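A short write-up of the structure that comes next.
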Amino acid sequence: MEVEYMNFNELNLSDNILNAIRNKGFEKPTDIQMKVIPLFLNDEYNIVAQARTGSGKTASFAIPLIELVNENNGIEAIILTPTRELAIQVADEIESLKGNKNLKIAKIYGGKAIYPQIKALKNANIVVGTPGRILDHINRGTLNLKNVKYFILDEADEMLNMGFIKDVEKILNACNKDKRILLFSATMPREILNLAKKYMGDYSFIKAKINANIEQSYVEVNENERFEALCRLLKNKEFYGLVFCKTKRDTKELASMLRDIGFKAGAIHGDLSQSQREKVIRLFKQKKIRILIATDVMSRGIDVNDLNCVINYHLPQNPESYMHRIGRTGRAGKKGKAISIINRREYKKLRYIERAMKLKIKKLKFG
């Protein structure tokens, strides 16, 4: 029988961590935090956790890491993320939770000068980064993982989708053999389970409860009515969310069409420079743009807790991407909606997603 921890005081955490948690405004642990934190702190097993975006999974491993890592022993923990945006978010979350503990966190990802990273690695206790740049440092001899006790693989299914698994294996093999491994993934494709079997031996499997705060529905329209249907959904003045498209070209065209008729819409796509992309995300977080059009690839790393809706203007390629998309809303205990716009031919694909992910997606009456 699983224990329900009603507040963080019951998790045997230090006063330092409890103060940091209070300062962040966390009131009680989420489902994944209740399950992972005590197991990570009090057990020697490796952990595989199925938890979606917005479930509180980052804090579920950040809190025990802060308690367990010794600030005087060099690099004891490494966290791999699929994108630099997620690496920054994870590092920032650890910084915000470490309180008075003098832990040094190094952010290691591409697109930044390598020499400041080399300097940061010399004093680091926890390394957070993307596989490519981490491997670069290992090959240069500027990152030694032989003392690593804790290896965290975040968003493993996204790593798989982006072709990073071979790099992940190289990094695993560069680490101390006695390390503990924690693997987090929104979905559990066969390849991820094979990875766990190969490197983790016996492990505890944890599955977070499905987020009941997300109301999922679909609208069925003729293809030539898709844009009109979107506009009707966006007319709600309270709308603040993401609209997912299939291609880069679609995102640009859709954002332009929406702006032409008065909507505060922005797009994030591969033709933007990093600074342009950061500007769009900043405007979105400030709610100067309330509608952000994106593809699956370009939306990775957008971390906003109060989005009230996600719209699939086009259905994603697979059920896993659907779960990552809808996990952008209904976060931090708030309610959210996920609405898919489909034509008649796409109905079977939607039902396949529903069956594969054990969901209930109801038809929205559009009268």
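Backbone N, Cα and C atoms are what each Cβ position is placed from, and that goes for glycine too.
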Range annotated as motif 'DEAD box' in Swiss-Prot, from 42-45, 154-157, 342-345: 154-157
Residues flagged as motif 'Q motif' in Swiss-Prot, choosing from 6-34, 209-237: 6-34
Cβ neighbour count (within 10 Å, all chains shown) around SER55 (ATP binding site): 24
Beyond the flanks of the motif 'DEAD box' (154-157) by at least 6 residues, Cβ under 8 Å: 53, 57-58, 61, 79-82, 86, 90, 183-189, 192, 195, 320
Per-residue Cβ crowding (10 Å cut-off), top of binding-site residues ARG52, LYS57: LYS57
CB contacts for GLY56 (ATP binding site) [other CB atoms within 10 A, all chains]: 19
For ALA51 (ATP binding site), the three-state class that DSSP assigns: coil
Intrachain C-beta neighbours of THR58 (ATP binding site), sequence separation six or more, cut-off 8 angstroms: GLN89, VAL90, GLU93, ASP154
